Amino acid sequence: MAKVEQVLSLEPQHELKFRGPFTDVVTTNLKLGNPTDRNVCFKVKTTAPRRYCVRPNSGIIDAGASINVSVMLQPFDYDPNEKSKHKFMVQSMFAPADTSDMEAAWKEAKPEDLMDSKLRCVFELPAENDKPHDVEINKIISTTASKTETPVVSKALSSALDDTEVKKVMEECKRLQSEVQRLREENKQLKEEDGLRMRKPVLSNSPAPAPATPGKEEGLSTRLLALVVLFFIVGVIIGKIAL
(Lines of atoms letter the chains of each structure in order from A and count residues from 1; the text may use other names and numbers.)
(Lines give C-alpha, C1' and ligand atoms only; values in the text may rest on other atoms or scores of the structure.)
Protein backbone atom coordinates (compact mmCIF):
# COMPACT_ATOMS: atom_id res chain seq x y z
CA MET A 1 0.00 0.00 0.00
CA ALA A 2 1.33 3.45 -0.96
CA LYS A 3 2.52 5.63 1.91
CA VAL A 4 0.37 8.64 2.69
CA GLU A 5 2.02 11.89 1.66
CA GLN A 6 3.00 14.31 4.40
CA VAL A 7 0.35 17.00 4.83
CA LEU A 8 2.52 19.26 6.95
CA SER A 9 4.83 21.78 5.35
CA LEU A 10 8.38 21.85 6.69
CA GLU A 11 10.81 24.76 6.68
CA PRO A 12 13.54 23.72 6.01
CA GLN A 13 12.38 20.71 4.03
CA HIS A 14 15.43 18.43 3.95
CA GLU A 15 18.28 19.65 6.18
CA LEU A 16 18.69 21.00 9.67
CA LYS A 17 21.81 23.16 9.67
CA PHE A 18 23.73 23.80 12.85
CA ARG A 19 26.29 26.56 12.68
CA GLY A 20 29.31 26.34 14.99
CA PRO A 21 31.36 26.84 17.01
CA PHE A 22 29.98 23.91 18.96
CA THR A 23 31.40 24.78 22.35
CA ASP A 24 27.94 25.89 23.44
CA VAL A 25 24.35 24.90 22.68
CA VAL A 26 23.51 25.57 19.03
CA THR A 27 19.84 26.01 18.16
CA THR A 28 18.10 25.80 14.82
CA ASN A 29 14.37 26.17 14.15
CA LEU A 30 12.00 23.95 12.24
CA LYS A 31 8.70 25.46 11.18
CA LEU A 32 5.75 23.08 10.79
CA GLY A 33 2.70 24.36 8.96
CA ASN A 34 -0.75 22.78 8.64
CA PRO A 35 -2.38 23.94 5.41
CA THR A 36 -5.32 21.53 5.79
CA ASP A 37 -8.74 22.12 7.30
CA ARG A 38 -8.19 19.48 9.97
CA ASN A 39 -6.10 19.42 13.11
CA VAL A 40 -2.89 17.42 12.76
CA CYS A 41 -0.91 15.67 15.49
CA PHE A 42 2.87 15.58 15.20
CA LYS A 43 5.95 14.25 16.97
CA VAL A 44 9.64 14.80 16.29
CA LYS A 45 12.10 11.90 16.56
CA THR A 46 15.88 11.72 16.18
CA THR A 47 18.51 9.01 15.77
CA ALA A 48 20.65 10.71 18.46
CA PRO A 49 18.29 11.61 21.33
CA ARG A 50 21.17 12.25 23.76
CA ARG A 51 22.69 14.90 21.52
CA TYR A 52 19.58 17.01 21.00
CA CYS A 53 16.78 18.70 22.91
CA VAL A 54 13.57 19.36 20.98
CA ARG A 55 10.91 21.80 22.19
CA PRO A 56 8.11 21.02 21.65
CA ASN A 57 8.75 17.47 20.55
CA SER A 58 5.06 16.71 20.03
CA GLY A 59 1.70 18.41 19.88
CA ILE A 60 -1.33 19.31 17.78
CA ILE A 61 -1.32 21.93 15.04
CA ASP A 62 -4.69 23.51 14.40
CA ALA A 63 -6.06 23.74 10.88
CA GLY A 64 -4.34 26.55 8.94
CA ALA A 65 -1.87 27.18 11.78
CA SER A 66 1.85 26.64 12.17
CA ILE A 67 4.34 26.05 14.95
CA ASN A 68 8.06 26.61 15.46
CA VAL A 69 10.08 23.72 16.84
CA SER A 70 13.45 24.51 18.44
CA VAL A 71 16.10 21.85 17.91
CA MET A 72 19.04 22.34 20.30
CA LEU A 73 22.34 20.62 19.65
CA GLN A 74 24.33 20.01 22.83
CA PRO A 75 28.02 21.07 23.02
CA PHE A 76 30.55 18.56 21.70
CA ASP A 77 34.07 18.28 20.27
CA TYR A 78 33.61 18.94 16.59
CA ASP A 79 35.68 16.93 14.11
CA PRO A 80 35.47 18.42 10.58
CA ASN A 81 36.56 15.09 9.09
CA GLU A 82 33.63 13.29 10.65
CA LYS A 83 30.39 13.53 8.70
CA SER A 84 27.18 13.79 10.66
CA LYS A 85 24.88 10.80 10.38
CA HIS A 86 22.22 12.25 12.64
CA LYS A 87 18.70 12.38 11.27
CA PHE A 88 15.32 13.70 12.33
CA MET A 89 11.89 12.47 11.44
CA VAL A 90 8.68 14.45 11.68
CA GLN A 91 5.79 12.05 12.06
CA SER A 92 2.19 13.19 11.79
CA MET A 93 -1.41 12.05 11.55
CA PHE A 94 -4.80 13.66 11.54
CA ALA A 95 -5.99 14.28 15.07
CA PRO A 96 -8.60 11.82 16.36
CA ALA A 97 -11.88 12.96 17.83
CA ASP A 98 -10.62 12.29 21.34
CA THR A 99 -7.23 13.94 21.99
CA SER A 100 -7.21 13.52 25.76
CA ASP A 101 -4.73 10.62 25.60
CA MET A 102 -2.36 11.24 22.71
CA GLU A 103 0.08 8.54 23.79
CA ALA A 104 -2.65 5.93 23.34
CA ALA A 105 -3.75 7.56 20.09
CA TRP A 106 -0.26 7.15 18.62
CA LYS A 107 -0.08 3.54 19.71
CA GLU A 108 -3.46 2.74 18.17
CA ALA A 109 -2.76 4.56 14.91
CA LYS A 110 -2.64 2.39 11.80
CA PRO A 111 0.52 2.49 9.65
CA GLU A 112 -1.46 3.83 6.68
CA ASP A 113 -2.62 6.77 8.82
CA LEU A 114 0.93 7.87 9.65
CA MET A 115 2.85 10.42 7.59
CA ASP A 116 6.52 11.22 7.99
CA SER A 117 9.28 13.44 6.66
CA LYS A 118 13.00 12.95 7.21
CA LEU A 119 15.69 15.58 7.60
CA ARG A 120 19.43 15.13 7.94
CA CYS A 121 21.68 17.20 10.16
CA VAL A 122 24.45 19.35 8.74
CA PHE A 123 27.20 20.90 10.86
CA GLU A 124 28.82 24.09 9.58
CA LEU A 125 31.67 26.17 10.89
CA PRO A 126 31.49 29.91 10.23
CA ALA A 127 33.74 31.25 7.49
CA GLU A 128 36.81 33.23 8.54
CA ASN A 129 35.27 36.49 7.33
CA ASP A 130 32.01 35.78 9.13
CA LYS A 131 33.56 35.08 12.51
CA PRO A 132 32.60 37.61 15.15
CA HIS A 133 35.43 39.93 16.10
CA ASP A 134 34.27 40.40 19.68
CA VAL A 135 36.91 38.05 21.05
CA GLU A 136 39.70 39.75 19.12
CA ILE A 137 38.45 43.22 20.03
CA ASN A 138 38.18 42.30 23.70
CA LYS A 139 41.69 40.82 23.54
CA ILE A 140 43.09 44.00 21.96
CA ILE A 141 41.28 46.21 24.46
CA SER A 142 42.48 44.07 27.35
CA THR A 143 46.08 44.12 26.09
CA THR A 144 45.99 47.88 25.50
CA ALA A 145 44.49 48.49 28.91
CA SER A 146 47.19 46.39 30.53
CA LYS A 147 49.95 48.22 28.69
CA THR A 148 48.62 51.67 29.51
CA GLU A 149 47.41 50.96 33.00
CA THR A 150 50.67 49.56 34.37
CA PRO A 151 52.81 52.67 33.66
CA VAL A 152 50.06 54.92 34.95
CA VAL A 153 49.82 53.00 38.19
CA SER A 154 53.61 52.92 38.53
CA LYS A 155 53.84 56.63 37.76
CA ALA A 156 51.10 57.42 40.25
CA LEU A 157 52.83 55.33 42.91
CA SER A 158 56.17 56.99 42.14
CA SER A 159 54.55 60.42 42.28
CA ALA A 160 52.97 59.58 45.61
CA LEU A 161 56.36 58.57 46.98
CA ASP A 162 58.16 61.62 45.54
CA ASP A 163 55.54 64.17 46.56
CA THR A 164 56.52 63.93 50.22
CA GLU A 165 60.19 64.54 49.46
CA VAL A 166 59.42 67.35 47.03
CA LYS A 167 57.12 68.98 49.54
CA LYS A 168 59.85 68.94 52.18
CA VAL A 169 62.40 70.37 49.76
CA MET A 170 60.02 73.11 48.63
CA GLU A 171 59.28 74.08 52.21
CA GLU A 172 63.01 74.24 52.90
CA CYS A 173 63.50 76.39 49.79
CA LYS A 174 60.83 78.82 50.93
CA ARG A 175 62.45 79.06 54.34
CA LEU A 176 65.86 79.66 52.77
CA GLN A 177 64.45 82.29 50.43
CA SER A 178 62.95 84.10 53.40
CA GLU A 179 66.29 83.90 55.20
CA VAL A 180 68.16 85.25 52.16
CA GLN A 181 65.69 88.10 51.81
CA ARG A 182 66.09 88.96 55.48
CA LEU A 183 69.88 88.94 55.18
CA ARG A 184 69.76 91.12 52.09
CA GLU A 185 67.60 93.66 53.88
CA GLU A 186 69.91 93.55 56.89
CA ASN A 187 72.96 94.01 54.66
CA LYS A 188 71.27 96.88 52.85
CA GLN A 189 70.43 98.53 56.16
CA LEU A 190 74.05 98.22 57.32
CA LYS A 191 75.29 99.82 54.11
CA GLU A 192 72.87 102.71 54.52
CA GLU A 193 73.99 103.23 58.11
CA ASP A 194 77.62 103.15 56.99
CA GLY A 195 76.89 105.75 54.30
CA LEU A 196 75.22 108.03 56.84
CA ARG A 197 78.23 107.80 59.10
CA MET A 198 80.56 108.73 56.28
CA ARG A 199 78.48 111.80 55.42
CA LYS A 200 78.45 113.17 58.99
CA PRO A 201 80.87 116.11 59.60
CA VAL A 202 83.97 115.05 61.39
CA LEU A 203 84.46 117.01 64.61
CA SER A 204 88.02 117.75 65.62
CA ASN A 205 87.37 116.94 69.20
CA SER A 206 85.40 113.85 68.35
CA PRO A 207 86.95 110.62 67.44
CA ALA A 208 86.43 109.47 63.86
CA PRO A 209 83.35 107.30 63.45
CA ALA A 210 84.14 103.67 63.39
CA PRO A 211 83.30 101.92 60.13
CA ALA A 212 80.79 99.12 60.04
CA THR A 213 81.91 96.24 62.15
CA PRO A 214 84.06 93.98 59.97
CA GLY A 215 83.13 90.93 61.99
CA LYS A 216 79.45 91.47 61.36
CA GLU A 217 79.92 92.00 57.62
CA GLU A 218 82.11 88.89 57.41
CA GLY A 219 79.41 86.95 59.25
CA LEU A 220 76.81 88.08 56.72
CA SER A 221 79.03 87.16 53.80
CA THR A 222 79.70 83.73 55.27
CA ARG A 223 75.99 83.10 55.80
CA LEU A 224 75.18 84.23 52.27
CA LEU A 225 77.84 81.89 50.89
CA ALA A 226 76.44 79.02 52.97
CA LEU A 227 72.95 79.73 51.67
CA VAL A 228 74.19 79.75 48.06
CA VAL A 229 75.84 76.36 48.60
CA LEU A 230 72.68 75.06 50.24
CA PHE A 231 70.59 76.29 47.29
CA PHE A 232 72.92 74.45 44.95
CA ILE A 233 72.49 71.21 46.93
CA VAL A 234 68.70 71.62 46.98
CA GLY A 235 68.73 72.19 43.21
CA VAL A 236 70.66 68.95 42.70
CA ILE A 237 68.17 67.04 44.88
CA ILE A 238 65.19 68.45 42.97
CA GLY A 239 66.88 67.56 39.69
CA LYS A 240 67.33 63.93 40.78
CA ILE A 241 63.71 63.67 41.93
CA ALA A 242 62.47 65.12 38.65
CA LEU A 243 64.44 62.47 36.74
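Note that Cβ sites are derived from N, Cα and C of the backbone, with glycine treated the same way.
Per Swiss-Prot, the features are as follows:
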MOD_RES   ALA2  N-acetylalanine
DOMAIN    7-124  domain 'MSP'
MOD_RES   SER146  phosphoserine
MOD_RES   SER158  phosphoserine
MOD_RES   SER159  phosphoserine
MOD_RES   SER206  phosphoserine
TRANSMEM  219-239  transmembrane segment
Query: What is the average pLDDT across the domain 'MSP' (7-124)?
result: 95
Message: Could you give me three numbers for the domain 'MSP' (7-124), the DSSP helix, strand and coil residue counts?
response: 10 helix, 57 strand, 51 coil
